[in-house]
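Features reported for this protein in TrEMBL:
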| type | residues | note |
| --- | --- | --- |
| BINDING | His73, Leu75, Gly100, Glu121, Asp149, Asn164 | S-adenosyl-L-methionine binding site |
| DOMAIN | 80-249 | domain 'Ribosomal RNA adenine methylase transferase N-terminal' |
Amino acid sequence: MLQCTKSSINRRSWHLIHQLSIQYQQRHANYSRPPFKNKHIDEDYNNLDHKHIRNRKENQEDHLQLYKSWGQHLLTNPRVLDSIIRNSGVGSDDTVLEIGPGTGNLTMRLLEAANKVVAVEVDHRMVENLRTRVSERGFDEKLTIICKDALKADFPDFDLVVANIPYGISSPLVAKLVFGGYHFRSATLLLQKEFATRLLANPGDSEFNRLAVNVKLVAEVEHVMNVSKKDFVPIPKVDSSVVKIRLKTEIPDVNLNEWWAFTKTCFGKKNKTLGATFRQKKKVAELLNLSKATSFDGDIVRHESFDDEEDQSDILGIDGNLFKEKLVGILRTAGLEDKRPSKLSNEKLMYLLSLFNKAGIWFHDKEKPRDINASFAAL
């Protein structure tokens, strides 16, 4: 190894070498650092796995490697965990659904407060770790574990949802809960802060979007608290928020597939006016293709896809142009031609949809069943 003395190089070079040496040592140390070492580690969890951390060099396979790509960020701050339990309103007679329990920091508290807990976890390593921890506390009979992807699993009956949701499945999972036909009092969810902000947005807010529109159709969303990224292991790049979702007792009489397709059309470019959206040749052709029960005698226009407006220049013909005028006429009747969807309430959007449907204009292809998870995954 090349040896350098301070006298053989200038002061600036010596300082640079010293800094590089420190960075190398720090980077090398990260590879052997226990995965759960954090000043906010939950006390119960620390007690349970202390022997594994102490004996890590003897048996490194005892440790769980956490994958950020899987959304495996464990909430470890006891005060935040306790606050989530309090705000969830869980009682001794409740069955609680927890999605993504991880190593069980939240699960253990739920088992103490609830009658039963159903935990859905896709990672077999986490499941085994959780079983061991629960068994040592004598809660085996109160816990049911479903080792499966939460988006594909069938949930049994439950009263509450309390969960630290993996960031990557937040949107389709929220959709599954609120549109999946489940009956529960509330869902207290720890979500990425940006996603929670979008979920909480109201008409006129810059964050207002199709996600908020669709969820607010059937549920009410309440902000509970913010959670620092430093309260997780490993530390994610962003902060989180806790929200509480309650299903509405009465929901509008609307075909959900039609509603989702309609809001997708309106919010494709949410800052465009509705008039501009419904004048697009491609969009007019799509709606003409779907709306078979119209007053026009011309053939239904069939098309594939188009890369630009020039490719669409000859698609409409006289029937398409008349159909476009019909679309714009409905917007004028509703007084919404110059309005942006991001400024409109659900009531106004629903009124507009009803006018379109009464005129024989449809947004959902009834021959193609819609997948809820796929519909919300891109929101």
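A Cβ is built for glycine as well, from the same backbone N, Cα and C atoms used for every other residue.
TrEMBL labels come from automatic prediction, so no person has curated them.
Features as recorded by TrEMBL, highlighted on the structure.
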residue : record                               : contacts (Cβ under 8 Å, 6+ apart)
Leu75   : S-adenosyl-L-methionine binding site : Leu81, Asn105, Leu106, Asn164, Leu190, Val227, Asp231, Phe232
Glu121  : S-adenosyl-L-methionine binding site : Gly100, Pro101, Gly102, Val127, Leu130, Ile145, Ile146, Cys147
Asp149  : S-adenosyl-L-methionine binding site : Val122
